[in-house]
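The N-acetylserine annotation in Swiss-Prot covers Ser2 and rests on a large-scale study or a structure entry. If you look up Swiss-Prot, you'll see Ser2, Ser48 marked as phosphoserine. The domain 'GS beta-grasp' annotation in Swiss-Prot covers 19-99 and is backed by sequence analysis. For 36-62, the entry in Swiss-Prot reads region 'Disordered'. Annotated domain 'GS catalytic' per Swiss-Prot: 106-356, in sequence order, evidence recorded as sequence analysis.
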Amino acid sequence: MSLVSDLINLNLSDSTDKIIAEYIWVGGSGMDMRSKARTLPGPVTDPSQLPKWNYDGSSTGQAPGEDSEVILYPQAIFKDPFRRGNNILVMCDAYTPAGEPIPTNKRHAAAKVFSNPDVAAEVPWYGIEQEYTLLQKDVKWPVGWPIGGYPGPQGPYYCGIGADKSFGRDVVDSHYKACLYAGINISGINGEVMPGQWEFQVGPAVGISAADEIWVARYILERITEIAGVVVSFDPKPIPGDWNGAGAHCNYSTKSMREEGGYEIIKKAIDKLGLRHKEHIAAYGEGNERRLTGHHETADINTFLWGVANRGASIRVGRDTEKEGKGYFEDRRPASNMDPYIVTSMIAETTILWNP
């Protein structure tokens, strides 16, 4: 195995100018990720330098067999933490040969929102808190849990340390460093309330880059869990009962909110979000009704509520924002399996472009 390890870690830049580009896209479920690699003649610094590519959409649930070709458009580049050197990860979106976005391509519509001059002028910032659960591969039960049984009640696990409280830290730390290497603006990690559940944060990131970075961070996490022999779940309520669910809280601000008098802008934006609560809930992730129960630090899915420092609210405003009269707010409704292209663009559209 030492030769295999040596080859995996082989530095190609010592012997060739060629690089490997791993093209990544979202699969047919809207949550699964796919990727394949190609050789390029030399280093690349911008997506516009990359060729489009294609794949068999009939094998991913994205095209019929008789017309199966789907075209990948490169959109964002990251350093490859697995191959290293000049090799890259490429986040793509998917189109028909005629140039129409396929139904699972949510980036295309998001890009239209973020390129709107009114949105661009507000320089929207996002900080996304991505929660996930690590599962034992063969039994699909959280790591650290006895097979067919349960650990002690919640309480000691949040940000906990020790072999009886923290499960999967090697995976989490590997992911943290790999994201930093890749150029993702990952800002932190922590153990969550349910044992075997973790969170990483991406941001602040501007506009559509926040969603690109979340997707690539998810991809890197899937690759690391593949190596580690565990399974990552983005199910918003992986274990029924008295256990916390998994969300993807979205922290958000605009230029106007970050400036003097911004708190009034924040309150107006929250009012707008309340008026479109049902539309946002419908777009914030599948199975979210199992998580948004009014318990375990959530608001009830049918009720819109906001408050300062209230983790049982739909929207939480921080004490610092209230005190300083400017800042950001946190939308606590998105589920862990949400599509960040949909969530980030919808928040911008509702708060900046929509007039009730």
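Quick reminder: no glycine exception, Cβ is built from N, Cα and C everywhere.
The predicted model assigns the domain 'GS beta-grasp' (19-99) a mean pLDDT of 96.
Shown for the region 'Disordered' (36-62): DSSP residue counts in helix, strand and coil, namely 6 helix, 9 strand, 12 coil. Rounded to a whole number, the C-alpha distance linking Ser48 (phosphoserine) with Ser2 (N-acetylserine) is 38 angstrom. Ser48 (phosphoserine) counts 7 other C-beta atoms within 10 Å of its own C-beta, drawing on all protein chains shown. Take the CB of the residue listed as 'N-acetylserine' and look out to 10 A: across all protein chains shown you find 6 other CB atoms.
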